[in-house]
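**Q** The repeat 'LRR 1' feature in Swiss-Prot is assigned to 90-113; the stated evidence is sequence analysis. Residues or ranges marked as repeat 'LRR 2' in Swiss-Prot (evidence: sequence analysis): 115-137. Per Swiss-Prot, repeat 'LRR 3' is recorded for 138-161. Sequence annotations record features per position, and here Swiss-Prot assigns repeat 'LRR 4' to 163-186 based on sequence analysis. If you look up Swiss-Prot, you'll see 1-21 marked as signal peptide.
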Amino acid sequence: MGAGALGVVAMVAAAVVVAMAGANSEGDALSALRRSLRDPGGVLQSWDPTLVNPCTWFHVTCDRDNRVTRLDLGNLNLSGHLVPELGKLDHLQYLELYKNNIQGTIPSELGNLKNLISLDLYKNNISGTIPPTLGKLTSLVFLRLNGNRLTGPIPRELAGISSLKVVDVSSNDLCGTIPTSGPFEHIPLSNFEKNPRLEGPELQGLAVYDTNC
């Protein structure tokens with residue numbers, strides 16, 4: 001075998017190693033999530049941590065490079081809490097965990113998911129504040145956090161996400177005022193309702209941000 005052919009083989013082998021390493025780290029992150037969840041219906045039985053990559057697991061979608069791009073875990077009767085390891089899924093585009101009984105807080109590490117398009121955590125039992133780090137999600141289009149127990153203000157950092165089209169934080173316990181700049185100019189007020197302590201400049205004139213937080 002010539003030097004050129006050997007070089008090609010080495011490059012292919014290196015690419016395979018890199019792909020496997022990425023898949024393993026993503027598998028580790030998903031295994032951490034599984035350990036933190038209670039799964040009475042056994043919907044995560046296929047999540048076998050001994051496999052080389054998680055792309056064969058149910059409710060997980062991967063791209064052609066075997067990188068996880070989508071988690072479809074909505075409405076599966078899951079409970080437990082989210083884990084910071086989710087922030088290692090750096091190719092993830094869709095995180096769907098709506099209509100479960102997820103508790104605890106939103107990990108600030110989710111702000112590392114630079115390719116995330118949709119973050120759907122609505123209708124759970126999530127508490128704590130909305131992490132300002134979500135403002136780093138520059139590809140985000142859909143942010144649905146309604147129907148939880150979130151407190152604190154709506155982070156101003158979210159107003160800097162130019163791609164954001166849908167924001168729904170209704171039915172929480174948020175406080176302060178509703179941002180009106182950037183994408184928030186076009187978000188209907190109904191997407192902020194049922195937050196008794198949340199005020200909107202549209203209703204209050206020139207309200208000062210975080211007036212009652």
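Placed from the backbone N, Cα and C atoms, the Cβ positions cover glycine too.
The model shown is predicted, which means the values in this text are computed figures rather than measured ones.
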**Q** What is the number of residues in the repeat 'LRR 1' (90-113) that are helix, strand and coil, as DSSP sees it?
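**A** Split by secondary structure, the repeat 'LRR 1' (90-113) comes out as 5 helix, 6 strand, 13 coil.
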**Q** In the same chain, who gets a Cβ under 8 Å from the repeat 'LRR 3' (138-161) while lying at least 6 residues past its ends?
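**A** Contacts with the repeat 'LRR 3' (138-161): 93, 98, 106, 114-132, 167-179, 181-184, 191, 198, 209-210, 213.
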**Q** On the DSSP side of things, how many residues of the repeat 'LRR 3' (138-161) fall into helix, strand and coil, could you say?
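**A** Helix, strand and coil residues of the repeat 'LRR 3' (138-161) number 5 helix, 7 strand, 12 coil.
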**Q** What residues in the same chain, six or more past the boundaries of the repeat 'LRR 1' (90-113), come closer than 8 Å to it by Cβ-Cβ distance?
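**A** Residues 61, 63, 67-84, 119-137, 139, 144-145, 150 contact the repeat 'LRR 1' (90-113) from elsewhere in the chain.
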